[in-house]
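Features of the protein shown, as given by Swiss-Prot:
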| type | residues | note |
| --- | --- | --- |
| DISULFID | Cys93-Cys98 | disulfide bond |
| CARBOHYD | Asn167 | N-linked glycosylation site |
| BINDING | His194, His198, His224 | Cu cation A binding site |
| BINDING | His344, His348, His384 | Cu cation B binding site |
| DISULFID | Cys483-Cys502 | disulfide bond |
| DISULFID | Cys562-Cys609 | disulfide bond |
| REGION | 594-616 | region 'Disordered' |
Amino acid sequence: DALGTGNAQKQQDINHLLDKIYEPTKYPDLKEIAENFNPLGDTSIYNDHGAAVETLMKELNDHRLLEQRHWYSLFNTRQRKEALMLFAVLNQCKEWYCFRSNAAYFRERMNEGEFVYALYVSVIHSKLGDGIVLPPLYQITPHMFTNSEVIDKAYSAKMTQKQGTFNVSFTGTKKNREQRVAYFGEDIGMNIHHVTWHMDFPFWWEDSYGYHLDRKGELFFWVHHQLTARFDFERLSNWLDPVDELHWDRIIREGFAPLTSYKYGGEFPVRPDNIHFEDVDGVAHVHDLEITESRIHEAIDHGYITDSDGHTIDIRQPKGIELLGDIIESSKYSSNVQYYGSLHNTAHVMLGRQGDPHGKFNLPPGVMEHFETATRDPSFFRLHKYMDNIFKKHTDSFPPYTHDNLEFSGMVVNGVAIDGELITFFDEFQYSLINAVDSGENIEDVEINARVHRLNHKEFTYKITMSNNNDGERLATFRIFLCPIEDNNGITLTLDEARWFCIELDKFFQKVPKGPETIERSSKDSSVTVPDMPSFQSLKEQADNAVNGGHDLDLSAYERSCGIPDRMLLPKSKPEGMEFNLYVAVTDGDKDTEGHNGGHDYGGTHAQCGVHGEAYPDNRPLGYPLERRIPDERVIDGVSNIKHVVVKIVHHLEHHD
């Protein structure tokens, strides 16, 4: 930062801004700024000379902004517009003083949900946010992640001044088969991955905000494809068939009772079982979505889309899936939003509103209208299976890979082994609910925690033995997938049937010296996953200690919270164990990374979340080499640089260290 503001100070400021978000700030320095700072006082502190802040101040002074203590949804057009006005202001700040002052000022004046969203995306996308770790959202807005019963207990603990730790149970009862896999969709780490991915790659993003989000449309496909495939793996582990796709003209079989409440706005609406889709006032008619879908199918059949100027763009080429992802999600990158609509975003709102489609009961938005809560609803995965099948139709239109396409000449994978057993178990995790309850003037905060059960696994290491028969060292890309062998009825799947259900476990780049070599890779280094984020309490302590001690703070290991949680890398499996195929494909790293600058140690979570502000580090299609049809699996088995072995995953009901 030009003013030399260190990471420790920035981290402390962000911590203070997000503390007790529904109450006036308790920090004297922020209070003083909020009362005395004039956002329009000196417009030289903004890159746009104050244009963005002028717009927001006009809305504020004309009393047009959403009031505080009201629900907020990103899918609500007006509310999103307001949050993005604040994002635009923070994004135009030249220095931290400007960022912090505006944040402190608008925190006291704007809707809390809009403020939190704008602050999070600003820290993620602004250069000023580098080095800051955003606290886990489940501690900032706990209502979105914790059921009402536990929140009520937290309130009574606060009132009676008794410390407490309360168990969060998964939604539903044993009468509901879907409850068997609730631990996946309701996992707070998985919720954070989903909401953060959509903050890293927002559908509202325009390049005028500062840079281009590389392969955003393709990543939209791949991240949701992987979430759906992982959900199907968990279903397989619980004796359930893969999730069915959604149909606009058939009933929605599974209802959903979220049993969670907004901080302000009442309970999340319930959707009963077996209802037909209804038109939603002010959103869309069911028929509109059917038309949108048929236009997308038509584009895939023709092999081209039509842009808003009437020109055709070929999609039977490597960038085709990117263009398709942009029009299906409908991000601002869509080539023709007028014609292709906004299938994904509209469908989220349609599903969210089925409990009150005509606004008769004035219910707040449903869980599907928030990325934080969407994966809790079984219909989320049905919706994404439906979209996934549209993408599959596109990828199936490409010719299968040939031996020459797949071969990495001179590179032989001789064997793949796992060092250690593949064991999964459930463990317990606690998070603080202090931000869920209001502070009274004379009531001290007491320690109140929620305790959740989370899927975890023992760490393991891949051992890949290989021979590099080329005349020197070669850069290689290692692509590791886990694939089902049988379906839920015990019928063996062909590779062509299984490939679409495979989950990505890792993708990394490594130099392989000439001759025989053994590559070892720990499961915790996976580029698909992220470690547990530090708690809000820990972030506050670390930042305060650093600021008070006058030293800096390096939290770079936690800067990205986009990624599958480390502990959920493996599917749960069954107590008696399940066998899966582990595929390792080693491809030519020089070709894969051609045109990318810098080293090849892309730590973090580049596989599904890219590299922040840079081009995606791998030129191959996401999912390569399993993303295209495989009519003859001998082609895959016939290349020396791809190997698969059978591995067994066992679920331990008791957790043994």
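Using N, Cα and C of the backbone, Cβ positions are placed for all residues, glycine too.
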What Cα-Cα separation, expressed in whole Å, is found between Cys609 (disulfide bond) and His384 (Cu cation B binding site)?
18
Enter the number of other CB atoms within 10 angstroms of the CB of Cys609 (disulfide bond).
24
Find the shortest Cα-Cα separation between Cys483 (disulfide bond) and the binding-site residues His198, His224, His344, His384, and name the residue that gives it.
His224
Starting from the Cu cation B site formed by His344, His348, His384, give every other residue of that chain whose CB sits within 8 Å of the mean position of their CB atoms, in sequence order.
His224, Glu329, Leu343, Asn345, Ala347, Ala374, Phe380, Leu383, Met387
For the C-alpha pair, I'd like the distance in angstrom between Cys93 (disulfide bond) and His384 (Cu cation B binding site), rounded off.
38
Determine the Cβ neighbour count for His194 (Cu cation A binding site): the number of other Cβ atoms within 10 Å of its Cβ.
21
Might you list, by sequence position, any residue in that chain lying six or more from Asn167 (N-linked glycosylation site) with a Cβ less than 8 Å away from its Cβ?
Val150, Ala450, Arg451, Val452
Cα-Cα separation of His194 (Cu cation A binding site) and His384 (Cu cation B binding site), in Å?
13
For the Cu cation A site (His194, His198, His224), what does the 8 A shell look like? I mean other same-chain residues with CB within 8 A of the CB centroid.
His193, Val195, Trp197, Val223, Leu227, Phe371, Ala374, Thr375
Nearest of the binding-site residues (His224, His344, His384) to Cys502 (disulfide bond), judged by Cα-Cα distance:
His224
Given the binding-site residues His344, His384, which one has the fewest other C-beta atoms within 10 angstroms of its C-beta?
His344
Within 10 angstroms of the C-beta of His224 (Cu cation A binding site), what count of other C-beta atoms is obtained when all protein chains are considered?
25
Taking only the Cα atoms, work out how far Cys98 (disulfide bond) lies from Cys562 (disulfide bond), in Å, as a whole number.
27
